[in-house]
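Record features, source Swiss-Prot:
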type	residues	note
ACT_SITE	Asp146	active site, proton acceptor
BINDING	Ile23, Gly24, Ser25, Gly26, Ala27, Thr28, Ala29, Val30, Val31, Lys46	ATP binding site
DOMAIN	17-291	domain 'Protein kinase'
MOD_RES	Ser2	N-acetylserine
MOD_RES	Thr185	phosphothreonine
MOD_RES	Thr310	phosphothreonine
MOD_RES	Ser324	phosphoserine
MOD_RES	Ser325	phosphoserine
MOD_RES	Ser339	phosphoserine
MOD_RES	Ser347	phosphoserine
MOD_RES	Ser359	phosphoserine
MOD_RES	Ser429	phosphoserine
Amino acid sequence: MSEDSSALPWSINKDDYELQEVIGSGATAVVQAAYCTPKKEKVAIKRINLEKCQTSMDELLKEIQAMSQCHHPNIVSYYTSFVVKDELWLVMKLLSGGSVLDIIKHIVAKGEHKSGVLDEATIATILREVLEGLEYLHKNGQIHRDVKAGNILLGEDGSVQIADFGVSAFLATGGDITRNKVRKTFVGTPCWMAPEVMEQVRGYDFKADIWSFGITAIELATGAAPYHKYPPMKVLMLTLQNDPPSLETGVQDKEMLKKYGKSFRKMISLCLQKDPEKRPTAAELLRHKFFQKAKNKEYLQEKILQRAPTISERAKKVRRVPGSSGRLHKTEDGGWEWSDDEFDEESEEGKAAISQLRSPRVKESLTNSELFSTTHPVGTLLQVPEQISAHLPQSAGQMPAQLTPVSLPPAAELAPVQAAQAQSSGAGSQETKIPISLVLRLRNSKKELNDIRFEFTPGRDTAEGVSQELISAGLVDGRDLVIVAANLQKIVEEPQSNRSVTFKLASGVEGSDIPDDSKLIGFAQLSIS
């Protein structure tokens, strides 16, 4: 980079960036390498789909401001951001070593994980640097919100930096800075999410990052988060109802864990305490005995960067469909292409694409990327140059269902709930689904037992949609959204083996009441009637 170009400000014109290979993707974003021609520097651009984020731009601007003021050797440098059509482009430093997740996948694919994926010294070295970054954020009043191996990046010199601080991590928790709303959107799987973030009862603070850090420690040793095999609703239920996970949770071959010692396991258990007040701070963790095993960045260069996939191996080339408007879509073979949103395969453009053996597009599904949706639209616009300004669309969230008005006598009758995403695609929309009749028994605000009867039609209704409508009708406390939805999902997935479940409510008990599962004080019972 020349002296003249280094003095230039970072451009907010998309034409100044030559987009190159896709180097990462998630539920709402794609990361591409790019070359900034005025600066003569290669960068990473995270392209966030604003249609899926359901967050006001006022709140996003606050997060961007926080990112721009963040300067630390263990935090990825943020350069600038701007809006292109319905995407927010975040321009950041490119770290050529890729993410720790890339390395984990590479090691597992080569079958080199039979005695654990990364050794203790490597894990300690990486996580010590992550803690340094987290300590900086927490001291400055920031919460990362999305600590995981996929967001820990490596430089070619063995340096370790945390990515996704700010906007994209902010979106992953629903974009609610105040933490005082019942409904939010969780993007992606909540495997790394702290219990208090899931419950959304009392809000959360930087200790949520410490829980995620503990899950990440397990991920670096075993190759995956403890509940990675389960769908999102099941992950929520397991995290909230079970004891905290450990190194062994979900691991079939316990032999692979033998080399991990007591100090590593103790450090994990300290992080994974359900009561956030009992978790250590980042500064306290840095003094833990386990981190005495940490080495320098040259050690990482030697131990894992030489085993890591190259940027070309990680990258997915982008195919360009002739005449396309320039929107990225993932194809079934794992590649990426530029094309129009409404792609007509009978058109000249479509025939040209097919003649080039273009892969079919992957059909998008909300079920694994959005659990709970807000009903409010995206807010004010981000002010950007006219040529790249974008009118953001309405929220893609669930529309409220129509419920028959009900009172709360001992046997309140609830009309069948018309949940969001009422018609599923494929065969399910053509077959007649048999509704499941259910009864939710719990105490109302007057401490009287009530039976709330309703029907759930598989393929039409969703557990989260039904739970939201029970709350909207005033039948269920808003704080119990997650736990009711999780147990409803449990029953409808396996109605034969789960005809009745009793579970603890997040709303708890009042005053001097003592929780009692048999009397349903602080508990609820959901049954097939």
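Every residue gets a Cβ built from N, Cα and C, even glycine.
Looking at Ile23, Ser25, Ala29, Asp146, the recorded positions in this record, the fewest other C-beta atoms within 10 angstroms of the C-beta turn up around Ser25.
In the shown protein chains, 23 other C-beta atoms lie within 10 A of the C-beta of Val31 (ATP binding site). DSSP assigns Asp146 (active site, proton acceptor) to coil in the three-state reduction, outside any helix or strand. Here the C-alpha separation of Ala29 (ATP binding site) and the residue listed as 'active site, proton acceptor' works out to 14 Å.
Cα to Cα, Asp146 (active site, proton acceptor) and Ile23 (ATP binding site) are separated by 19 Å.
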